[in-house]
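Heads up: the structure comes next, in structure tokens.
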Ligand code: AGP
């Protein structure tokens, strides 16, 4: 989704701005731009092509300067055309980039037109630039900070902004409410970014702005005021934003690299756990765990599917009533609050607007106990919950989530097992068995990844279909949902997932000899039921593509394609079964020639509603 970089330094900041945009590319965007103050004049270059192309244009135009802002835009208001790309100018004086959505932009646009402002773009962002210009004109001191703060008070919606003015050649102002923004500190200048990864190699000391904060950056320092206008000090965090993790290495795409990183990231995530103890989830967890009698898990997309899988674990192994809800639905419905419920938000980025809003909604309703399960340590969700668990997948660049999903599953399984321990529903032998199964996961995953050549052969056939069904039962049903999501996201094949028992209640009507039906067949208690469901498909000529456990009792049958996974039983089976589905989606997309890591219309981190 949109990305921001801003800079004020004692050096030419253009290379930092363009490199920052390159590092934010993975988030998804459809246009980009850079603006600097050069010899006292704001100059900008914008493009609807990739950042590499923008960088060439910037070079060609000879852009340089010591203050500037840059942006990758993911279109919401107005088409992805150059005229709507940021930075946005107001009257050749104010230069601004913005992430988020201004909900009252129409009313503000009307009002600003009455003051004589002409609009050059269809964006909601342009109202902010004009508003700042207008507020500044009204103020005899012409103070940019005063104008920004007065303007922000008029905005409804979510924003992170970076702004500079022609007549203030030494400062850049950043502000946030609802969208993340971080300040990067160095001895030679100060920087802004929507994600610290943008500043890797430039800064390693960061200040995460809080809701409503406004930061004034000069070469020599940073002043922060809170939403009430009071000067505040925010903690400085030293954090080396990792370089190497964005290298592709021998892989064709980041998604493939990230699928193959799963054994090592899962090894890191599981090896550090040798006993089940609530403190894994924060210092206050032992106290909170005692009070909790149920769970409410809020998430979106793939993270929602990890939560759906975990519901089976929470109820079966921890005997804890668990409700899982799509965050964008929960935030707008009337719900009943049980103060003994632990609200868990699950998110790779920790910045997803709907999940963040659902968390705040739950807190406003009176939920006292909250836990974030996130991949990004200092993300908004991690900072707004009383308990935290970092999944440790490392940066995930591909828009389609893979290693972030399996590490979420590990975190959620650990949570379920820890609750089982804390609630006294699992004896020591059972706990030891779970830990052993967790520690065996990386080896088991290597066995599954070795199936790639067989999956590539399937993908060659699969790539010709326009529709597919995915079936699973029990805790593998959410895995079917995730498999279908992966396929549609990156290959654009229309895919739906059903609990296999639901087939006869409707979807069977679309099964013909043109319909591939991917079925997840673990060797568990439901296998005979699943075999009956597969017969229902075969009887209608449907083409079965079955991922079965090695020891699953299946008859060889004409027209049924089977790939056997290394034998594995126990509750962690979903973590193994999702991997071949990731590979199937990946290789199908490769055959179809799509932009695997940056699928159309999608963004890595969805920071707008
Ligand atoms: C996954 O492949 C998707 N790109 C998407 O569904 C994602 O999981 C969703 O937007 C939630 O993101 P989060 O985990 O960062 O909150």
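The backbone N, Cα and C atoms fix where each Cβ goes, glycine too.
TrEMBL does not curate its annotations; it predicts them automatically.
Residues or ranges marked as domain 'Glutamine amidotransferase type-2' in TrEMBL: 2-220. The active site, nucleophile annotation in TrEMBL covers 2. Under the heading domain 'SIS', TrEMBL lists 285-425, 458-599. Among the features that TrEMBL reports, active site, for Fru-6P isomerization activity is placed at 604.
Within 10 Å of the C-beta of residue 604 (active site, for Fru-6P isomerization activity) there are 26 other C-beta atoms, taking all protein chains into account. Summed and averaged per residue, pLDDT over the domain 'SIS' (458-599) gives 92.
If you draw a 10 Å sphere around the CB of the residue listed as 'active site, nucleophile', it holds 29 other CB atoms from the protein chains shown. Per-class residue totals from DSSP over the domain 'SIS' (285-425), listed helix then strand then coil: 65 helix, 28 strand, 48 coil.
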